[in-house]
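The NAD(+) binding site annotation in Swiss-Prot covers 73-86, 278-290. According to Swiss-Prot, the feature substrate binding site maps to R93, R103, R131, D220. Look at Swiss-Prot and you will find D220, D244, D248 tagged as Mg(2+) binding site. The feature site 'Important for catalysis' is assigned by Swiss-Prot to Y138, K188.
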Amino acid sequence: MKIALLAGDGIGPEIMAQAERVLRYFQQEGLQIELEPGLLGGCAVDATGEPFPEATRQLAIEADAILLGAVGGTQYDGLPREKRPEQGLLAIRKELNLFANLRPVVLYPELSNASTLKPEVVAGLDILIVRELTGDIYFGRPRGIEYRDGQKVGFNTMIYSESEIRRIAHVAFQAAGRRNGRLCSVDKMNVLECTQLWRDVVTETAQSYPDVTLSHMLVDNAAMQLVRNPRQFDVVVTGNMFGDILSDEASMLTGSIGMLPSASLDDRNKGLYEPIHGSAPDIAGKGIANPLATILSAAMMLRYSFNQETAASRIEHAVQKTLQQSYRTEDIYEAGMKKVGTVEMGDRVLANLQSR
């Protein structure tokens, strides 16, 4: 099992180093994994002039999974758009046809005070958002800005095919079947024909999953319900644009994006795994970044791409035990806790892995 490690930019190398320590621990226990580093984003631009160089493309194709730190930095803002670090991330997603984005939204009991919502509203929060990643209005054609009747007009095309909807629906139903058996599909079928088709295809697909309870919700109501009563949701499936917005909204229910992993999968469960936070150049090199989202992304990788459920669960339990022991990086620190840096947080997680 070959894993490409793409540390990226900003705090990426610091947080990746801690996730790599966790993976090497399992390697020493006998897990047959091979770890190979590569360049993506700004570091790749600096080294090769390209955000997604050919060597990284080959590595990504050959690897069974990819673990990413973060990409981006203000020093690259003056580059042509196609040379900016973020284009490397878009390119690797396209190259690998990663169409399913999975975002767990979990609030650890130890961090309940970090949420801006009342503890009784978010206690026990555990949602999985499944977002279609390669279609919808972000990629539909035609698109552009042009002159019509003497003025500029901007336009985009929201479009989905039956097959695109069906394949993401299967991912969501299967995920719900592994969890609590409830799936909510989010659309805007009352005004958008594209999402009427979405609802029709998801409803049809449900016939193959009799053990999963399907519900539908309009996106404006879903945005409201995520704040009003987020615990009503188990798995949520939606299109690219709605998922982009709702997953960011849901992530803030936990109080810290430094805790949240994500996965982007192809149709064979090969995936790109990464924390949802950015490269945080303002704290890069200070040794204070929270590595837990990257460590939890490694756990997702072991679960979804390698079917190593036991190892994944052990990592998650080690993270929770570390929080129970009151260790906190600066982003999740509160009075009375033990403030630690990036490396020491990694030390604590490893110690808890070893003391199972």
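Quick reminder: no glycine exception, Cβ is built from N, Cα and C everywhere.
Overlay of Swiss-Prot annotations on the structure.
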residue: G73; record: NAD(+) binding site; Cβ contacts under 8 Å, 6 or more apart: D9, G10, G42, P85, S279, P281
residue: D77; record: NAD(+) binding site; Cβ contacts under 8 Å, 6 or more apart: R84
residue: R81; record: NAD(+) binding site; Cβ contacts under 8 Å, 6 or more apart: Q87
residue: R103; record: substrate binding site; Cβ contacts under 8 Å, 6 or more apart: L128, I129, V130, R131, S247, A250, S251, L260, S262, I276
residue: Y138; record: site 'Important for catalysis'; Cβ contacts under 8 Å, 6 or more apart: N240, M241, D244
residue: K188; record: site 'Important for catalysis'; Cβ contacts under 8 Å, 6 or more apart: T195, L218, V219, D220, F242
residue: D248; record: Mg(2+) binding site; Cβ contacts under 8 Å, 6 or more apart: none
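Note: the Mg(2+) site is recorded as D220, D244, D248; in the same chain, V219, A223, M241, F242, G243, I245, L246, S247, E249 also have Cβ atoms within 8 Å of that site's Cβ centroid. The most densely surrounded of the binding-site residues A280, A284, I288 is A280 (count of other Cβ atoms within 10 A of its Cβ). The Cβ of R93 (substrate binding site) lies under 8 Å from the Cβ of L133, T134, S264, L272, each on the same chain and at least six residues away in sequence. Across the binding-site residues listed here (D220, D244), the residue whose Cβ sits among the most other Cβ atoms within 10 Å is D244. The DSSP secondary structure for I288 (NAD(+) binding site) is coil. Secondary structure at R81 (NAD(+) binding site), taken from DSSP and collapsed to helix, strand or coil, is helix. Counting every protein chain shown, the Cβ of R131 (substrate binding site) has 27 other Cβ atoms within 10 Å.
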